[in-house]
Every structure is written in C-alpha cells, then in structure tokens.
Amino acid sequence: MIFSYKGLYKGSLVEGLLEAENKASALSKLKAQGIKVLSLKEVSSKASRIDTKFLERFTSNLFQLLKSGLTVDKAILFIAEREKKHHEKLLKVYEEIRSGSTLSMALRLSNLFPDFYVQMIRSAEESGSLEETLSLILDFIKEENELKSSILTAMIYPSFVFGVSVFSLLVISSYVVPKFKLVFQSTDIKLPLLTRLMFSLTDAINYIIIGALISLLILFAYLRYAIKIRKHRLRLESILYKIPFLGKLLLDTEIIRTFQTLYTLVKGGVALNHALELATDVPTTLRMRDAIKAIHSDVVKGASLSKAMKLRSVFPEMVIEIVSVGEQTGELTGAFYQIYTTYNEEFKASVKRFISLLEPAIILIMGLVVGLIVFSMILAVFSLSEGL
C-alpha cells in the first residue's frame with residue numbers, strides 16, 4: 001500500500017509518499033524518521049483498464065534505453081516526451097522519481113500498470129536486475145497479446161464466413177425465389193410439395209429474421225445481466241465448460257494465462273505466495289479465480305502447491321503432476337514454463353484445426369441449402385413443362 005503524508009520535521013513542513021503494509025506500519029516508519037504526522041492517506045493505485053499495446057511499447061522502449069546506458073529518470077522522460085496518450089501521467093512518473101520515489105512506486109501511482117508489473121519491477125529493484133526483468137515482462141506481454149490475437153482469430157474468421165453465407169441465403173430467398181414464385185403462380189399447375197414448402201419459407205423469412213434478432217437481443221441482455229450476478233455467472237461458466245471443444249479451449253486459455261503469469265512472476269524474483277495472490281486476478285472465469293484464491297490460502301497455511309491444486313477439481317492431472325515433479329526437484333519455475341508452453345502450443349494447434357474444419361463445414365451447409373432451393377425450383381419447372 002502507498003500512503004501520502006504531510007508532517008513536521010525539525011519544525012519544517014514536509015510531504016511525500018511512503019510504501020507500507022498498512023496505516024499503522026506507515027505511522028511507525030514516519031515516527032522512526034522523526035516526522036510528526038499531520039495527515040496520512042492511502043493513495044489509490046489500482047490500474048484502470050490496461051492498455052496492453054502501451055505496456056508492450058513502454059517496456060520495450062525502457063529496456064532499450066536502459067541497455068544503452070541512460071538512467072531510469074532520463075529514460076522515463078524520453079518516453080514521456082514521445083508518448084501522446086499517456087504523456088501527462090508519464091511526466092508525473094518522472095517527477096516522482098526525481099523527488100526520490102522508486103520506479104515501482106512511481107509506476108504504481110500512475111494507475112497505468114497492473115499489480116504484477118509493479119511487483120516485478122519492485123523485486124528487480126531489490127535484486128538489481130531491472131534490465132533482465134524488463135526483458136522477461138516484455139516476453140510475457142508479447143505472448144499475452146499473441147494469445148488474445150489467436151482467440152480473436154478463432155472468433156472473427158468463422159463469424160465472417162457464417163455472416164457472408166447467411167447474407168447470400170437471404171439474397172436468394174428474398175429476391176431470387178420470389179421472382180420464380182410469381183412465374184409459377186400465374187399458372188394453374190399444382191407445384192411439388194418441396195417447392196410449396198420453399199415458397200412458404202421465403203414468405204415467412206422477414207418474420208424469421210425479426211424473431212431471430214429479438215431472440216439475440218434478449219439473449220444479449222440476459223448475458224449482460226447474468227455475468228454481474230455471481231450465481232448466474234457460475235452457472236453460465238459451468239455450461240460453457242461442458243460444451244465439447246469450446247470448454248477445452250476455455251480451460252486451456254485459463255491454464256496458459258495463469259501459469260504464464262506464475263512463471264513470469266517467480267522467474268522475476270516474486271515469492272510464490274505473493275505470485276499466487278497476484279495471479280488470482282488473471283483468470284477470466286470465477287471458477288478458476290476461486291480455485292487460485294483457495295490454492296493461495298492453502299499454500300500460505302503450509303500446504304504444497306501440488307497438494308493444494310489436487311484438492312480443487314479444476315486442473316488436469318498432467319498439470320498437477322508436472323507441478324509435483326517441479327517441487328520435488330526444486331525446479332518449480334521450469335514446471336510453470338513447461339505447463340504454459342505445452343498448453344500454448346496445443347491451443348494454437350486446436351484453433352488452427354478448428355478454423356480449417358469450420359470453413360468447409362459452413363460452405364458445405366450453405367451448398368446443401370442452396371442446392372435444396374435450386375432442386376425445388378427444378379421440380380417446379382418439370383411440373384410446369386408436364387402441364388403444358
């Protein structure tokens with residue numbers, strides 16, 4: 001926690017920032033420095049919506065500048081002068097460092113950086129390995145952005161193909177089929193059942209579209225409501241996890257992000273207990289967040305990580321086994337790395353396979369529907385020719 005204080009020191013008014021576990025600890029530290037405290041307030045340090053592109057750009061620039069020999073404050077000023085969106089906040093970071101704050105404290109106060117980022121910088125300051133830690137963070141952010149890109153690809157491309165297919169069918173059913181219907185209605189020929197059904201379907205197409213849109217709006221409104229209420233969100237997550245293929249992709253994503261975060265934090269010098277605490281905010285599902293929180297609680301009480309994981313029915317047996325071996329050999333960091341890289345490769349392969357199968361499946365279904373429409377029209381033409 002970070003506190004802003006005002007006080008008297010040898011008769012002079014002083015003010016500044018102080019990092020402490022709680023307010024009582026902050027007061028003790030100030031008292032030990034001979035400062036008579038007049039006011040002490042906790043400073044909000046919760047990052048707002050995280051801009052991952054900015055994080056990647058900032059970390060890369062800071063790493064390169066420090067590597068070239070610039071001091072931390074000059075490197076921050078250099079970046080701030082070239083950063084339009086977050087210019088003012090980065091200038092504030094520079095000013096805090098110049099006034100005596102550590103880099104980690106200044107970054108925390110900017111509300112631009114997530115807790116895990118600040119904690120890793122703090123550990124790097126204590127161990128004197130800032131450049132190495134920045135390189136580690138940069139790799140983490142790049143892989144996180146790559147994972148998000150893979151997920152978006154898996155969602156956007158099939159949606160695009162499906163949308164084009166639906167649009168094509170709408171054009172056929174709304175414009176092409178009605179023209180044939182006008183021709184056939186001008187005769188007294190009894191049309192085949194399939195043709196009559198097709199004409200009835202195209203007559204109702206507008207009502208079907210309106211009904212589908214209303215249903216989607218209701219579903220969207222319910223989902224917006226449900227994800228805000230814990231019990232409803234847990235029920236939705238339970239349904240998602242049970243859907244073939246999608247459930248596995250969701251679990252794989254959670255495992256990748258959780259163990260990638262743990263690897264990066266522990267490799268960067270953060271203690272396992274604290275790394276688990278920071279990792280509780282990483283998963284997107286409540287089910288996984290609850291599991292990480294419970295595991296963290298068990299580890300704090302003295303349980304081994306693998307034993308705590310085994311008590312929760314969330315992680316696959318293979319993941320628990322790798323962690324157990326890592327604990328026995330003293331290579332827990334390596335175990336985290338093995339888990340997230342293995343699942344990351346498997347996830348990419350699954351997404352690629354999903355897209356390669358879904359595209360022809362959608363095209364095949366569209367072809368069957370169009371073929372059915374064409375066949376019904378051909379039957380009608382034959383009926384018409386026989387009646388002449």
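Each residue, glycine too, has its Cβ placed from N, Cα and C.
Keep in mind that TrEMBL annotations are predicted by a computer and have not been checked by a curator.
Note that the structure is a prediction, hence the values are computed from the model and not measured.
Listed in TrEMBL for this protein:
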DOMAIN    58-178  domain 'Type II secretion system protein GspF'
DOMAIN    260-379  domain 'Type II secretion system protein GspF'
TRANSMEM  151-177  transmembrane segment
TRANSMEM  204-225  transmembrane segment
TRANSMEM  361-384  transmembrane segment
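When pLDDT values are averaged over the domain 'Type II secretion system protein GspF' (260-379), the model yields 89. Residue counts for the domain 'Type II secretion system protein GspF' (260-379) by DSSP state, with H, G and I taken as helix and E and B as strand, are 98 helix, 0 strand, 22 coil. DSSP labels the residues of the domain 'Type II secretion system protein GspF' (58-178) in these numbers: 103 helix, 0 strand, 18 coil.
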